Amino acid sequence: MAVKKQFANFAEMLAGSPKPVLVDFYATWCGPCQMMAPILEQVGSHLRQQIQVVKIDTDKYPAIATQYQIQSLPTLVLFKQGQPVHRMEGVQQAAQLIQQLQVFV
């Protein structure tokens, strides 16, 4: 389950997380991103003890999207100890996404 939080520094938030952080880079106008929302809820619930899910609206935070070279939406990036360790682009099925993430948690 994604939690709405304010943060002053994205990198500090990632580095300070005790769990790996799955970042969903999305936009409100993106149809495939809207398809991913319930899938991410399901994955977040299934892996809630192992990962934290964060959503970043690329229209509101273009500098973060540029920093991580986000060129297509949705893009999911798994960060561990502040560093990107896995990247997925496009709509993912819940079972496949869980299987991919479990390798890193």
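Using N, Cα and C of the backbone, Cβ positions are placed for all residues, glycine too.
Taken from Swiss-Prot as is:
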- Cys30-Cys33: disulfide bond (DISULFID)
- 1-102: domain 'Thioredoxin' (DOMAIN)
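Each of the disulfide-bonded residues Cys30, Cys33 was ranked by the number of other C-beta atoms within 10 Å, and first place falls to Cys33. When DSSP labels each residue, the domain 'Thioredoxin' (1-102) comes out as 37 helix, 26 strand, 39 coil, counted as helix, strand and coil in that order.
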